[in-house]
Amino acid sequence: MFSNIVNKKIVLNSTTTSFFRYYSTIKNTTTSPKGFKTGTYACGLKKSGAADICLIHSEKECNVAAVFTENKVKAAPVLLSKSLIEKHKNTGFQSLIINSGGANACTGPEGEKNAQTMSLLSSKLVNAKQQSLVMSTGIIGQQLDMKKVELGITKASENLKDDWLSAAKAIMTTDKVPKLVQKQIEIDGKQVNVTGICKGAGMIHPNMATMLCTLCTDADIGEEALKSALKHSIEYSFNSINVDGDMSTNDTVAVFSNGLAGNKRIESTNSKEYLLLEKAMRQCATELAQMIVRDAEGATKFISVVIRGAKTEKDGKVVANSIATSSLVKTAMYGEDANWGRVLAAVGYSGADGVTPSKISMWFASGDGNDIGIGQKNDPSFAMQFLKDGQPTPKDDEKAAKLLSNKDVSIIVDLNSGNQQYTMWTCDLTVDYVKANSHYRT
């Protein structure tokens, strides 16, 4: 017996004068995964005085899958967590310790020792059989104040409870809002829960996780199946977003499953049970990824880049990424300038196969663009076509600017070379982004 996914997505509000987003109804729900608790503390790593330590603990040993940054410069916690997972073959973990306010990257042997200290201390305090995995985020190249960190870990371990909102807040850096999504499904007549938290607003680029994210589920699922579900989930979520084209030294996505939901253990990746859990994980990850783009530093627009008619899915992704990372496209969106030539240029230099200029059609639209160009909603107040079979169509600059004044806009490109589609999400590039990152350390 299977039920539809119950969506406990956080509601976002926005003003008409800025893209600052905040949660109006954010709260902890009854859909938290069984057996997981979180603890937080403000130990003084952040200048703001906000919470900067987060400890996540499962009362039962978990299977774990994780993906780490592809940046060759990897932070100490990334190297440690990766080695622990390989050593213990993805199983037996009960805890994760996260600090914000310091990346512990490019910190040499002392930084490696500090990551070990965080891992050993946190696991000892919660009586875990194996060392904790570790995540860190903040400024690169500065040693952590370990007296503060050790105090923070101790205090967090003394206050474990079902409070995912506080956990989401504790891992924030330049984020304006906490990012929390919870899902509930039914497998074998058992309620199965998935909770995800993440942080990220800058240094966001595909080819891995692009920030810190933790997913926790009480589903009973084998190690290999869990790895498969995570790989699928991040490919169509965190690997499909872009803010500024920079890849962090600390990027990590980890999923913990403790099996306390009581469903029959999932081993086959072809089973209905697996596909249902995979779908819930993907939706959770996608919503978190989109929250990152909406909360991006300086952003005023959420942009969906929809590629249709690609020869292969890989080609669709290559073209979408080329458009999403183009500074000229992103600045045009900020200026509400329907400069379709910049988009076409990005398609042309993408390097994808199956790009024939005389076949390409293009639209700009408000919203997600999913039904544009297929006979629906072609009202100029909603969508406008700028290219048809490689040739420009008549353009009304005033109507185009009004169209692009929406906060959610989309760029739709039909390559007319096949039947594959790919979507990426990005934001505009603004003066405020430059201001935020030119004064980041001050």
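Using N, Cα and C of the backbone, Cβ positions are placed for all residues, glycine too.
Record features, source TrEMBL:
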ACT_SITE  THR210  active site, nucleophile
BINDING   THR173, LYS199, THR210, GLU297, ASN437, THR442  substrate binding site
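What TrEMBL annotates, mapped onto the structure for a quick look.
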residue	record	CB count, 10 Å
THR173	substrate binding site	21
LYS199	substrate binding site	26
GLU297	substrate binding site	23
